[in-house]
Amino acid sequence: MSWQAYVDDHLMCDIEGHEGHRLTAAAIVGHDGSVWAQSATFPQFKPEEMNGIMTDFNEPGHLAPTGLHLGGTKYMVIQGEAGAVIRGKKGSGGITIKKTGQALVCGIYEEPVTPGQCNMVVERLGDYLLEQGL
């Protein structure tokens, strides 16, 4: 399966039991910041934004004072899982980033999608990739 198929079929799909509810944008990005696959709506990000995210995975709490920035959008960092998941909130939407062995699985959402639904979609694919050694 191509990386694009993972984004299209597993991240940008309808959320279980909620037809028509789906993430606003999603991507799979290598630890080096290279985009493996992304939705057409995923924001173009700066290398320093990805560096900040990777630093937060290695040093949890790094982004808390300044916020998580992606594609010029600032998210307030909320409770995640140290070294594994970073979550951010902005207004009625937010972002979930799950770290795997080689990649970051990113999902961005707006209402009516809930934070929990975004977490479920992103973390399920991230956990699957971890099981596959990726």
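Cβ coordinates are placed from backbone N, Cα and C, and glycine is handled just like the others.
Less than 8 angstroms from the CB of C118 (disulfide bond) sit L23, G94, I95, T96, G107, I108, Y109, each of them six or more residues away in the same chain. Marked as disulfide bond by Swiss-Prot on the basis of a curator's inference: C13-C118.
Within the same chain, no residue at least six positions away from T114 (phosphothreonine) has a Cβ under 8 Å of its Cβ. Annotation comment: Swiss-Prot describes T114 as phosphothreonine, evidence class similarity to another entry.
Secondary structure by DSSP for the motif 'Involved in PIP2 interaction' (84-100): 0 helix, 13 strand, 4 coil. Swiss-Prot lists 84-100 with the feature motif 'Involved in PIP2 interaction'.
Other Cβ atoms within 10 Å of the Cβ of C13 (disulfide bond) number 13 in total over all chains.
For the motif 'Involved in PIP2 interaction' (84-100), the list of distant contacts is 24, 53, 56-57, 63, 67-68, 70, 73-78, 106-111, 113, 115, 118-119, 122-123, 125-127, 129-130, 134: same-chain residues at least six beyond its ends, Cβ to Cβ under 8 Å.
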